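Lifted from TrEMBL, the feature list:
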- 123-224: DNA-binding region (DNA_BIND)
- 3-117: domain 'Response regulatory' (DOMAIN)
- 123-224: domain 'OmpR/PhoB-type' (DOMAIN)
- Asp52: 4-aspartylphosphate (MOD_RES)
Amino acid sequence: MVNILMIEDDTELAELLKEYLAKFNMIVTNYESPIKGLQAIEKTKFDLLILDLSLPELDGIEVCKKIANNSIDIPIIISSARSDYSDKVLALELAADDYLAKPYNPRELVARIQALLRRVKKPKNLENKKSDFQIDENEMTIIYKNNKLSLTSAEYEVLALFLKNKNRVLTRDFILENTKTMDYESIDRSVDVIVSRIRKKINDDPKEPRYIKSIRGLGYKFVE
């Protein structure tokens, strides 16, 4: 049984999704009010949040900010008619894990829920697994599987940024803004070049990456 919280002010859509997801053993609790939805997260353990952006009282982006600021551990799928690129990027950088633009087929939502839950639910025998990477910020070095990586300054900064933001989608703009040695005026492809070099040094096959996943149209996500 998957316990899902939905914050959606379109009651007709909420009921439709609630009935459809029930067929896949997913129980949905919906709140039209984002404030009540946030209160519910604090009181009840949910497996996943489906969040609209255009909400009364509090915009969905603000909901994402509150979840991030309070370090609430819940996977989030944005379900919104707002398809503006900046909304999508901001939501993903704050706390969201996926973004589904309305209108969509409910079956796609099910597939995305299942895929997201597979990613976040680690096998028990891996829960206490040590990271393959250790950062030494004083020496500006990164150890990978007990071996010090030979990295340029830009490679170190980008890989360190990934390691500090595991399981978050990082856009190319975000990477450029949060690194000192990469010129923000550089074209987006410069980030791709640095990522390609890092992948080679950690033997991360870009076709089937273990660590650095390409998120089409957005950027990258580091998983471990």
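First residue shown is number 1, and so on along the chain.
Positions of Cβ are set from backbone N, Cα and C atoms, glycine also.
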Worksheet entry | Structural state census, the domain 'OmpR/PhoB-type' (123-224) (DSSP three-state) | 34 helix, 21 strand, 47 coil
Worksheet item: Three states by DSSP: which one describes Asp52 (4-aspartylphosphate)?
Response: coil
Discussion item. What does the DSSP secondary structure composition of the domain 'Response regulatory' (3-117) look like, as residue counts for helix, strand and coil?
Written reply: 54 helix, 24 strand, 37 coil
